[in-house]
Amino acid sequence: MTKRTIEQILDELRRGRRPLLADKPAESDASRYDCLRCKDQGGYLVRQNGLEVWTMCSCMAERKVKRLLGASEITHAFRQLGFKEFRTEGKPQAIKDAFECTKEYVADYEQIKDCRKNSIALLGQPGSGKTHLLTAAANELMRTCYVPVIYFPFVEGFTDLKNDFALLEAKLNRMKQADVLFIDDLFKPVNGKPRATDWQLEQMYSVLNYRYLNHKPILLSSELTIEGLVRVDEALGTRIYEMCSDYLVIIKGAAYELNHRLEGVR
């Protein structure tokens, strides 16, 4: 590359121009660029000690978070859920324990992510906020630690896979390889009986055993206790327990006290 060409590029950067935009009709910067600071170039030149230094723009982190959130398969509404939106005032101790455990897990994540006990499970009473808390954890990991998370709602996820087997291999591979896998409502019971066909068990074992062997974290919610998970499948249940035992809360008690959907019923 010639010296003249380098000077031309630097001149374009100083003026916030991009050659591909040179022939376009004049537009306001606000309509042309997502980021007015760097003109969507990811950085800009600043003068330091008489030299022009390329500085990364803060919008790069924002774009990364946006990509992570989009790839997570967490719905737009659930991406808004955080710890600040979770109410513990007046709640039973089990709910407060789940809240504190989940926040502690996020705080500890970087130190434990490669360990055997690097996962979290919130189990028990439906409607107690398990999904909210683990979604808040997933959102926090993506937004502050830039950790890729994949969300898999057990019932809906397997319904989609059953309806399109062409997706199966690619989806299971994503679930195995994700930095963090969030499994929501594992084996959700129907009329008190865990929902777990032989085919579902085979797929879940394949995913969870891979993650177990490779020390890959999971976020797990289920209405079943550890004993219930073990009864469904001992090999699977014991692996989940070993992975999650340091960050495990089982929420038990009266439904009217624990299920937020029943507030005000009596």
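Glycine is treated like the rest: Cβ placed from N, Cα and C.
Sequence annotations record features per position, and here Swiss-Prot assigns ATP binding site to GLY124, GLN125, PRO126, GLY127, SER128, GLY129, LYS130, THR131. Non-local contacts of GLY124 (ATP binding site) by the CB criterion (under 8 A, 6+ apart in sequence, same chain) comprise ALA94, LYS130, GLU223, THR225, VAL249, ILE250, ILE251, LYS252.
Taking Cβ-Cβ distances under 8 Å and a sequence gap of 6 or more within the same chain, the neighbours of SER128 (ATP binding site) are ALA94, ILE95, ALA98, ILE251, LEU258, ASN259, HIS260. In sequence order, LEU122, SER221, GLU223, ILE251, LEU258, ASN259 are the same-chain residues whose CB sits within 8 A of the CB centroid of GLY124, GLN125, PRO126, GLY127, SER128, GLY129, LYS130, THR131, the residues recorded for ATP being left out.
Cβ contacts within 10 Å of GLN125 (ATP binding site), excluding its own Cβ and spanning all protein chains shown: 22.
Shown in sequence order, PHE86, ILE95, ALA98, PHE99, HIS260 are the residues of the chain, 6+ apart in sequence, with a C-beta less than 8 angstroms from the C-beta of GLY129 (ATP binding site).
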